[in-house]
Amino acid sequence: ESSIQSPWYKSVESQWSDPFECLTNVYLSLFSEGCDSPLVSNLPQSAFKSSSQLSNSHDPGYAKLNRRDGAGGWSPLDSNKYQWLEINLEERTEITAVATQGRYGSSDWVTSYLLMFSDTGHNWRQYRQEDSIGAFSGNTNADSVVTYKLQQPVFTQYLRVLPLDWNPNGRVGLRLEVYGCQYKSDVASFDGASYLLFRSDPAPSLSAKDLLTMNFKSLHHSGILVHMEGQHGHTLTLELLKGKLFLHFRKGRSASGDFHTTVSLGSLLDDQHWHHISIERLRGHVNFTVDKNTQRLQLPELLFFHKISFGGVSAVGAHSRGNFHGCLENVLYNAVNVIEQAKEKQVSVMGNITFICSEAVDVPVTFASPESFLRLPWAVSRDSVSVSLQFRTWNKVGLLMTFDLQHQLANYKKQLTWKTSYQQLYASVTGSGLNDGQWHSVELSVRRGRLVLAVDKADASTTTTSFPVMPGHHIFLGGTAKLNIQNLSYKAMNPFNVFQGCMRLIHLESNLVDLIKVQQMLVGNFSDLQMDMCGIVDRCSPSHCEHGGKCTQSWSTFHCNCSNTGYSGATCHSSIYEPSCEAYKHRGNTSGYYYVDMDGSGPIKPQLIYCNMSGKCWTNQHLAYFNYSADTEQLGAIISQAEHCEQELSYHCKKSRLLNTPEGAPFTWWVGRSGEAHTYWGGARPGSQQCACGLQEDCVDPEHFCNCDGDLDSWANDSGVISHKEHLPIRLLAVGDINRPGSEAAYRVGPLQCYGDNDFWNAAYFNKETSYLHFPTFHGELSADISFLFKTSSSSGVFLENLGIKDFIRIELSSPTEVVFSFDVGNGPFEVRVETTEPLNDERWHRVKAERNVKEASLHVDHFPGVVQKAPADGHIHLQLNSQLFVGGTASRQKGFLGCIRSLKLNGKTLDLEERAKITPGVQPGCPGHCSSYGGLCQNRGRCVEKYNGFACDCGSSPYSGTFCHKEVSAHFRPGTSVAYTFKEPYELNRNASAQSSSIYSDLTLKGENISLSFRTSQAPALLLYVSSYYREYLGILLNRNGQLDVKYKLQNNRDAEVFRSSARNLANGQLHRVSIRRVSETVDVLSIISLSIPLPLSLSLRPSLRLSLSICTESGEMDPEIARLNSLGFTGCLSVVQFNSIAPLKAALLYPDTSPVIVTGPLTESNCGSSSSSSPYAAETTHSLSGKADHFGTVGTGEPVVNAISSDSALIGGVIAVVIFVILAALAVMARFLYRRKETCQTQQPKGTKPEDSPETPFNTDPHSQSIISDTQKEYFI
């Protein structure tokens, strides 16, 4: 029985997609054609080796597939994770597949294993999947064959299999076969001073294509591999620097070059293993590939390299760094085998180069877990102590070694610490930046009371000890352990931060420790070590941090620093900014500068633009004259997403023709986004070669289609708006007819303005459980973010689903209060659940955002706490899907969603639900009903109005204005300024009105009023508001001479006026105060600083035909004497948001003076009343300036407009000035008030009809005979 697994190793895509057809890349091919021959079956038994064997009949030489020799396969003496089976293929061979089988006729088989390879039989390297997964799934019985085809072939001489798990009812048992073919290898070895010099044809033709491929193995972490010299002094250099490859391009002959371009790839490339390099050039595009990862750079299109050196450069050269020390293999430059030509003396050999790869045999050991330790015996002399080793790690801290002293204890923790019996503490600290993944040497020596700790043979620290440092009989490396007396075994016991990393070249008293003997358990003890290999992995190469996030790492994981990127999340994947002004608007934000990220997690960078939220949400992207603040990609995204865009184009002319209409060649033309020239002008149709006047048939000269084409001696102009989105923005304007005598012209290109968001309101309504929309497969292999809004009355349903062979991704509403995000990338199903405290099936819009990356998965629903779950540390990371994406349902048509889905975005790209819904049964485009979700944004009695795409706030019944009825309408009053608002009766009356007419008025008697206003003044006394009716009923709001608020009202003509006084003290203090008067039935509430109620004896008969005055009452006739006196003084100050029931008279006077029944007397100036903040809980609508820093992103996640910060010095100076001004104004106010009171006191008696001055007890004259006379049939409100 045989089974072939579909490729175990999932495909790993390169970071960059090539812009041109790749020339060749044999190294990354999945299978070389015909490279599938069995390699093990014909090998002699001597080619097999193992850690141990159960008996001679279980010898490793019997481990051949489908053989029954010996005991039917190999079995080790002990079944544990330290056993291995090794095969020597006798030469470097290409391996493409591996097959395994259990031991014949037994219960012994391996269920999972690791595959290791090496060229020397030492320093093994693990074959990894997706740079993290290394385990192969094995067998389930003794006889079936499980075969895995490797997506990337292995080139090696030695192969080793390490069993991880086996049948729990048996033991380790294995037979295997390896498939592949012979591998041709031309090798050259360089000693760090030698190189090959290759010269091209001295008179070449410039080529548009070049290809260089080779493999390299380095014995040192730095050195120059390739140096190319071209015409005009151009150079291209490939350099290994601290285990990373850098490709440098210099243009010019100077030392610094005209410009210097560098790209970097790879990491830990000094691991003494083969690595593949490919440099492909097609014209100016270059693909630079190291192993599986690719970077791209630009070079001049026509480039020829006439001299190329491999392995380094001459001593006299542009580079001062050392040459390469290691081996190069199969060096091919444009199909020329350079090493083969070197053997034939066709390429110059400089220095000592051999054509075999001489390899250093270093045996490293890996400390992979907190349980790892190595215990070695140590015999020291009496005169000195010496221990040294090399290590590499990513961790910042870790215990390297510890040993007992004779009656003392010493510990080294990237520093050495030891204690005497008297608890004296000594420490020696040296070295820095030792967690960079590079090999570092450390040496500890003690001689004659002096302890020396040296790092990298340069950085040394010396400490003098007051006691002899004599180690015990053993030393622990990487951790500590305690001996278990019962079974004589050591158990890890680490009181310090354990070391995770690699060690090699361990010397005790100048003697190299034989780690192979340790592996064979002949020397020392150890736990959880990976012998004869360094398992360090660079998790930041390639970096999974997106959008410029900075990657840092430890031994087991990596971290992304997203500061100043504009993105957030574990991999800096999600944008912190909204995708449009429309989205900001519906969060309640007001006009200002905002960062907008048009494609969310996509590659387009956030752009700072001005969002004008009033009315339609305009995006103002360009100031003028072609100086766009966004690049082409950003502009294209903004225009494509917007509902409408426009740009003004004006041409002022004097004897300068424009388009030369109707049939001549145009003198002036402009170029749009695509680079195409256009010959129509603003206001005309595309392709018409006309101006706006031609379309409207009102040009100055009827024979032409543009005013300027009339060629007049006087100034004319053609202006209009370009609104064809595909042609915007205007990139270039060419003006032609300006060279004739007397010709003059001027042009203006206006700002690019866009409004609306086609993506934000793109919605579909699913009215059947079996209905769904389908889209192409979602590609989110390493990072996937999905966001959308939904509303439903159903208790459950699947929002979307996409399936693969085994992988899948799904988001669903599992219950009215739970959303589930689930997926499988090969590690088994993974779920993230968010439970809400409120039901989600309430027919209101709810937002869902799910994200999955290599580190974690997260789910957020509305404002409820999100849930984040970590991904397995060493699991599969690629999500591979191959079916269609289903939205609103599943492929099985079960658990479908009923309701609306809106603004569905996958990795920043919006799916067009409406277009697909138009052709899909059971699904309707669009979804009404937005006020249920967004109506709360309309403030201050604003009314939400439904629209097809969104909503609007109707502020007609509110004294406020603005997008959300949040902006206060305020005005500054001076003496002599007043606003009168008059309501006319539908029936005209005079003073001799009949009883029938009176009954009509009685029917219109008001049973309640709501009056509110805000004011700021330093004047007292003062009249703020006066309301009167035809029947001499009135209500006045005023400040008495003590600055207290008084309300004087007369409810019936035959009764005296009533007065109510607020208990609040002086309100004429220059601060803003709000007054609210509410009458319901016989109770009046007056709200200023406190709230009180007054019972009224009768209902207030203020009729709907009234006159309302602010500041000064302009009515003729008899008026209350006290109010008349205050009226004569006028009012100086500010009034704001004045409202009488549903009428806003001040708003009408300021914003709609021509269409409202208002009379404005004197100067009325709009003001903000000095309000420190808007009534809106959101940002105030104001003018926001840009930051001077180009990378300023504002406050993360606030959604507030970006504003300039004021420096601390400026703030301090401004504060001092403000205090001085305030003191001066306060002094002037006190003097003015004093003089004013003196004036009141010294006033002579007025003519008959005047009243005594006010007192706190009698603030108004209550003479019942004092009546107002109304000369007409109108009732008016004065403010």
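Here the Cβ of each residue, glycine as well, is placed from N, Cα and C on the backbone.
Any TrEMBL annotation is an automated prediction that lacks curation.
In TrEMBL this protein carries:
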type	residues	note
DISULFID	CYS900-CYS927	disulfide bond
DOMAIN	35-181	domain 'F5/8 type C'
DOMAIN	185-357	domain 'Laminin G'
DOMAIN	363-534	domain 'Laminin G'
DOMAIN	536-573	domain 'EGF-like'
DOMAIN	572-619	domain 'Fibrinogen C-terminal'
DOMAIN	762-927	domain 'Laminin G'
DOMAIN	928-966	domain 'EGF-like'
DOMAIN	988-1169	domain 'Laminin G'
REGION	1241-1279	region 'Disordered'
TRANSMEM	1211-1236	transmembrane segment
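The domain 'EGF-like' (536-573) shares the most Cβ pairs under 8 Å with 762-927, out of the stretches 35-181, 185-357, 762-927.
Under 8 Å from some Cβ of the domain 'EGF-like' (928-966) lie the Cβ atoms of residues 582, 585-586, 588, 590-591, 613-615, 643, 756, 760-761, 791, 843-845, 1012, 1137-1139, 1142, 1144, 1146-1147, 1151, 1174-1176, 1178, 1181, all in the same chain and six or more residues away from its ends.
Across the domain 'Laminin G' (762-927), the prediction's mean pLDDT works out to 91. Cβ-based neighbour count (10 Å, all protein chains) for CYS900 (disulfide bond) stands at 23.
Shown in sequence order, ALA763, ALA764, TYR765, LYS791, CYS900, ARG902 are the residues of the chain, 6+ apart in sequence, with a C-beta less than 8 angstroms from the C-beta of CYS927 (disulfide bond).
Each residue in the domain 'EGF-like' (536-573) gets a DSSP state, and the totals come to 0 helix, 10 strand, 28 coil. Secondary structure of the domain 'F5/8 type C' (35-181), assigned with DSSP and counted as helix (H, G, I), strand (E, B) and coil, comes to 9 helix, 70 strand, 68 coil.
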